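Participant: Per Swiss-Prot, domain 'Obg' is recorded for 1-159. Swiss-Prot lists 160-333 with the feature domain 'OBG-type G'. Per Swiss-Prot, the feature GTP binding site maps to 166-173, 191-195, 213-216, 283-286, 314-316. Feature annotation from Swiss-Prot assigns Mg(2+) binding site to Ser173, Thr193; the stated evidence is sequence analysis. Taken from Swiss-Prot, the feature region 'Disordered' applies to 364-392.
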Amino acid sequence: MKFVDEATIKVDAGDGGNGTVSFWREKFVAKGGPDGGDGGDGGDVYLEADENLNTLIDYRFNRFYDAERGKNGGGTNSTGRRGEDITLKVPVGTRAIDIDTGEKVAELMAHGMKIMVAKGGWHGLGNTRFKSSVNRAPRQKTMGTKGEVRELRLELLLLADVGMLGLPNAGKSTFIRAVSAAKPKVADYPFTTLIPSLGVVRARGNKSFVIADIPGLIEGAAEGAGLGVRFLKHLERCRVLLHVIDILPIDGSDPVQNALTIIDELERYSEKVAGKPRWLLFNKTDLLLEAEADEKIAEILEALAWEGAHFKIAAVSRTGTQEVCNELSDFMDTLPKEIMTDEEKAALKVDFMWDDYHKDAMSGKNVVTEDGDDDDDWDDEEDDGHVIYARD
């Protein structure tokens, strides 16, 4: 199946049903009084994470999703039926962004997690609600509110423990092929990898972790150059970043400048991502004599003023790759589990202030008065039943 990690959809929650103006009429009961019921609430729209899905491709073909409208109220104080909700299944790791406001509406990080993204309209009030000692036959009602309409950008963030980054042709795909069963395309030209790939890595002690191969970055990626931020986002949930540096680039470029380009793009994209633990992997060391490779690596480390973890590998021959995996596994055991901040939790909440509508309604705002005969014109000879005043 084609990997699709972005889609744009429009969700339309159901409108609330209108309240009804109705009066009970019964033989020998001249003035039965109001019995208009409330409408039903409109249906809501939810996103739910499903571990059986791994792409957003379905939402490329169907972009519009509507919840059901609430039914209008009826006579005999009958409340209208609530509109049916709709639930859209998405892969685990999906987040939803409101295109108009840029607000993060939802981020679904676990199977079964369910978040409302559009609230249905509130029900209108029937005329029974307006009965009082001075208004015995009210013809007032309120209309249901409109359901929320949102245009959402769905983004699928790969859930990996380790993310690989580097310039095109640095050897990221070769490394992931060497340490896992993943088989991303490998060739001797830039941008061979056009979509992210995931691989499961086995480490010592019967441990395992997931590694993500991210398409190569170029200068300006944080602003969308090349494959841009579309794939930088996949690093947000990684616990460790592996920065692959080609010590002998085929185009003759400077490895130090290449490394600085990646570092700069990370910092421009997100301070949080740039602050994640990052290890350097010096690749293609088999193209030089061991002493030459060591000297080259030392020069790069000095130029970068790098004091963090670094490894010398030759991914094509798998030299040093298993050592990296074992060290990664041990290192991640020491990392604390990520805990969402209060600010991040607040960003996931969707607040709807619908109670104000009913307060306004009962105070005289948003009220519709139906036309009808005078209150006293009740005919005792009418058949049993009730009269509903309705306006189309």
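Placement of Cβ uses the backbone N, Cα and C atoms for every residue, glycine included.
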Participant: So for Ser173 (Mg(2+) binding site), how many other CB atoms are inside 10 Å of its CB?
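Facilitator: Around the Cβ of Ser173 (Mg(2+) binding site), 24 other Cβ atoms lie within 10 Å.
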Participant: Long-range neighbours only, meaning 6 or more apart in sequence with Cβ under 8 Å: which ones does Ala314 (GTP binding site) have?
Facilitator: Asn283, Lys284, Thr285, Asp286, Gly320
Participant: Roughly where does the domain 'Obg' (1-159) sit in mean pLDDT, to the nearest integer?
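Facilitator: The predicted confidence over the domain 'Obg' (1-159), as a mean pLDDT, is 91.
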Participant: Expressed to the nearest Å, what is the distance separating Ser173 (Mg(2+) binding site) and Pro215 (GTP binding site) at their Cα atoms?
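Facilitator: Taking the Cα atoms only, Ser173 (Mg(2+) binding site) lies 9 Å from Pro215 (GTP binding site).
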Participant: Which has the fewest other CB atoms in a 10 Å radius around its CB: Lys172, Lys284, the listed binding-site residues?
Facilitator: Lys284
Participant: When DSSP is mapped onto helix/strand/coil, what comes out for Ser173 (Mg(2+) binding site)?
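Facilitator: Looking at the DSSP assignment, Ser173 (Mg(2+) binding site) belongs to a helix.
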Participant: Just to be sure I understand the packing, how many Cβ atoms besides its own are within 10 Å of the Cβ of Gly166 (GTP binding site)?
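Facilitator: So the Cβ neighbour count for Gly166 (GTP binding site) comes to 24.
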Participant: Just how many other Cβ atoms lie inside 10 Å of the Cβ on Asn169 (GTP binding site)?
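Facilitator: Other Cβ atoms found within 10 Å: 23.
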